Structures are given as structure tokens and as C-alpha cells.
Amino acid sequence: MSKDHKDKKRKHSDEATEEVEKKTKVSKKEKKDKKEKKEKKDKKEKKDKSEKKDKSEKKEKKEKKESEDVPTKSSAVVSTGYSQSPALTKLPQSEIDSFLQENEVTVEDPHNLGLRPLLGFDQIDLDSRIASVISKFPTPTPIQAVSWPYLLSGKDVIGVAETGSGKTFAFGVPAINNILTHDKKGLKVLCISPTRELALQIYDNLVDLTANTPLKCVAVYGGVSKHEQVSSLRNASVVVATPGRLIDLLNDGALSLDSIEYLVLDEADRMLEKGFEQDIKSVMQQTNHANRQTLMFTATWPKEVRELASTFMNSPVKVSIGDRNELSANKRITQIVEVIEPYDKEKKLLSLLRKYQSGSNKDDKVLIFALYKKEATRIENLLVRNSFKVSAVHGDLSQQQRTSALGAFKAGKTTLLLATDVAARGLDIPNVKVVINLTFPLTVEDYVHRIGRTGRAGQTGIAHTLFTEHEKHLSGALMNVLRGANQPVPDELLKFGGHTKKKAHSAYGAFFKDVDMTKTAKKIKFD
């Protein structure tokens, strides 16, 4: 073989080897690239998975925190099975419309259930033990007629109505019926009330309602032994409580609200006025909101009450009885306003008592309102000296004395009850014929609540008010209430010629300004 041929062959061999090495290098590089690419992909997927997990955990934490921050809103409660009776369904719509119009009923129903009001007790199917108690009444009151179908359907309800409208049975009947028909054990109903007197009154009504049942009702409030109340809570199905004592018992571990299914706030506006908002929220947080049906009753509908309702109620049905846009008095009450000199009030009071408690009316119940405790004590002594049998309810008396005084008045042992505004809201004292305002209250709202102690449960009543120049800044607002109830405005009151405007100052707070309504308003022209 020639040398040239050998060199040529070696060259081809070297080229082939080089080509193989080159291909091997490319193959290795491709494998390396693929490996790096795969590692990058795995790393990215791992990172995405980690980020997704973190987001999920953050979302869960956020949802958990939100759930803990707002534990007060009640969840939708399973319906107790209310169905409209055939008798109610057959009623012509004109009859329903007439009832709603006559009683000035407004219903705001976010569920659009369109449930008809109950015009008779025969239109509702209740446990026989409850039906036997309420059958002694002629018909349901407007607040009962409208709210019962919604409450029996498991809905949260807000009732805006005047005091004395039958609110205790409005929530009591559906609540007790629910316990009886489902044979529920343990503490199921909690009603929170602003004052001891109102709590005891609600308790008495619920005891009457459950008289034929094995259910136990308990009232807890301040001013008496806590130890005795703790003992009485054993095996209770229904508890009526004032906010302060309720918080005490919860803090002591003497009471658990885990099993509460029916929570009632009575006189919600009054409780906010008395500064119980934080106590109420604290109570809400200790209930099982998933199983809770919440009811709120209030005489007025201010911003603070609306905010409270939006916090812990679940799409509530709002039932309003009467014109709630303006402060209004019960039209069944004859209002008499007499303008006198301040020094004539005591003499005038004695004259009025002889007038309203004479002849066949000598045993009529008369409720007298004083403004301050010292005034109440002085007037009580005046009446005793003039041979009047009188009971008194004011802040200087012990709880036992106040309870005894109310009991004597309710039973007719005394026909005069002297009170400060502690008794002006919510107290249901049957058959009060006359309310006398010896001293006008600090606000016209309190005036309306005071006179609402008479004319209850469909009856008529008289409210006689002694008005002096010291209260002239309230004359305009008082005249509005009188006109709204179709009551005469005395000429002496018109002479004050004022309309009250409420003002507010960041440092001073709320105050009132007298405006002379006899002057022509200044006309402002815009170019």
C-alpha cells in the first residue's frame, strides 16, 4: 500500500473519530440542556406550588380572622315549618290591605316571602299548651299578627313599635312553641332588657305563657344576691337578663350561651342610650351564631340601632307599626297640656288627683312622673301628708322596695305610683287610666314614652302635663307631637312661639336653640 493511500485512510479515520466525538459532545450538550431545562421546570413548578399553598393558607387565615372578627351575625335558621292556614289564604286581599292600613303596618322583607298577617288565633297552629293561654285575648296585636309568621319561619325580625304593643308575646309565643314542638332541652331563649323592672315584667309574662309546660323561666338582674340567681339557672330553658348582671355571670363562668337558639333584644334603643353597646356585642360573641335566631324590638330606629342590627342580624325582616318616621304619640291617649307657674305645681297636682280619683273613678290607677329622685321623695311625702296611698319607684330605693312598690300598684293595693324616668320605658302596668307629668322630662321623646304607660292594649287613657316657662325650649317639639296625634294645642303653649332645633358642637355636645316662629324668614337671593 502506498504512503499516500495510508495517509488518506488515516485522515478519513481521524475525521470519522472527530465526527463521532463531535456528535457525542452535541448529544451530551443536548442532554445537559434538557436536564437543566427539566430542573428549571421542576423548580418553577415547585415554586408555583409553594406560592399557591401560601396563598391558600393566607386565604384560610384571612377567612378565619374575618370569621372571628364578626362572630355576631346570625346564620339562616332552618324553618320551623310554618305554613299559611287555608282560612288565612282564603281571605280577600282587600281585608288584609285594610288591616295593614288601619294599623299603619310597614313590612320590609328581603326574602320576599309575602307572609300574610294573622287576623285571628284560629289562623295559626300552635302547641295546645300555648294556645290555651293566648285564647283569652280577642285577637293578636298588630306586632304579633305580622311578626309571628316570619318568626315561625325561622327569620330574624326587627320590630319597631310603641311600648305596650304586645312585644313580649310577639317573641315569646314563637320561641316557646319552637321549644315545645321540637322537645328541646337546655337553655334555648335569652332575652336582654335594659332595666330590672322591665326584665321582671317580661319574666312574669313568660311565666304566664309557660304555666302549662315543664319549661323553667329565670330572671337575672342586679341589686339582689348573685348566688341565689346562679342556683336558679340550673335546668332553665328561658333567661331574661339585664346586661350588667348577664356579663357578670358569663365572666364568672356561671352561665353558658352555647345552646342559645333564640336571642331577643328588647328596648334596643334604650340599651344603647344607657351605654350597653359593648356588653351586647360581648354577649353576641358568646353565642353560637350558626344556630341563632335574633330578634330586636325598639321604639325608635336611630342610626345606632340600625348599625347594631346590621352587625349581628341575618337579612332581618323589619316590621314597623305606626308612623315611625316622625316622633308620634298613641292616638288613643287624650293629651292635656296645662301651662302654669312653677310654684303652682304641687297645689295643681293635689287638685288633679281629687278630680281623677273621685266618685266611680276613686280606684282608678294614676301614674305620676317627677324628673329627679329628690323631687320624687318630696312629692311622696306631700301625698302621704294629704292622706293619699302612694307607692314610689326611683333610683334611691332598693330593688326590693321598687319591686314591692310595683307589685302593690299592679295589685291595686295602692292606686298612685310616683316614678322617675326609670319606669318610663317598657313597663306594662295594666289599666293605668291617667298619667300626670308633674315635671316635664328633658326630651320630648321621653314625654312620648311616659304617656305611653296609659292607653295600652287597645284601651284609651289620659295624659295630663304641667308645663312651665322652664321647658319653653321644648314647646315647638311638643306642639308637633300634639298635632300629630290630633290633640288640641293650648293658646298658652302657642305664646312661647318657638320651634326647637337640636344643634351639636364638637366640644359642647348636643344643645337646643330657640327659634322665634313669629318672625318672617330672611329670603336669600342667588344671582
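Our numbering is plain: 1 for the first residue shown, then up by one each step along the chain.
From the backbone N, Cα and C atoms, a Cβ is placed for every residue, glycine too.
What Swiss-Prot records for 1-11 (among others) is compositional bias 'Basic residues'.
Annotation comment: Swiss-Prot describes 1-89 as region 'Disordered'.
Positions annotated as compositional bias 'Basic and acidic residues' by Swiss-Prot: 12-24 (among others).
Marked as compositional bias 'Basic residues' by Swiss-Prot: 25-44 (among others).
Look at Swiss-Prot and you will find 45-71 (among others) tagged as compositional bias 'Basic and acidic residues'.
According to Swiss-Prot, the compositional bias 'Polar residues' annotation covers 72-89.
Same-chain residues lying 6 or more positions outside the motif 'Q motif' (119-145) and placing a CB less than 8 Å from one of its CB atoms are 85, 87-88, 91, 95-96, 99, 103, 105, 152, 159, 161, 165-167, 169-170, 173, 176-177, 180-181, 208-209, 211-213, 319, 321, 457-458. The motif 'Q motif' feature in Swiss-Prot is assigned to 119-145.
The domain 'Helicase ATP-binding' annotation in Swiss-Prot covers 148-319.
The 10 Å shell around the Cβ of GLY166 (ATP binding site) contains 24 further Cβ atoms across the protein chains shown. According to Swiss-Prot, the feature ATP binding site maps to ALA161, GLU162, THR163, GLY164, SER165, GLY166, LYS167, THR168, an assignment based on sequence analysis.
Sorting the motif 'DEAD box' (266-269) by DSSP state (H, G, I as helix; E, B as strand; all else coil) yields 2 helix, 0 strand, 2 coil. The motif 'DEAD box' feature in Swiss-Prot is assigned to 266-269.
The feature domain 'Helicase C-terminal' is assigned by Swiss-Prot to 348-497, with sequence analysis given as support. Broken down with DSSP, the domain 'Helicase C-terminal' (348-497) shows 68 helix, 26 strand, 56 coil.
Taken as a whole, the domain 'Helicase ATP-binding' (148-319) shows an average pLDDT of 90 in this prediction. Following the DSSP three-state reduction, the secondary structure of THR168 (ATP binding site) is helix. Across the motif 'Q motif' (119-145), DSSP helix (H, G, I), strand (E, B) and coil residues number 14 helix, 0 strand, 13 coil. All protein chains included, ALA161 (ATP binding site) registers 24 other Cβ atoms within 10 Å of its own Cβ. Neighbour count (other Cβ atoms within 10 Å of the Cβ, all protein chains): 28 for LYS167 (ATP binding site). Residues 163, 167-168, 171, 191-194, 198, 202, 296-302, 304-305, 308-309, 425-426 of the same chain, all 6+ positions outside the motif 'DEAD box' (266-269), place their C-beta atoms under 8 angstroms from a C-beta of that stretch.
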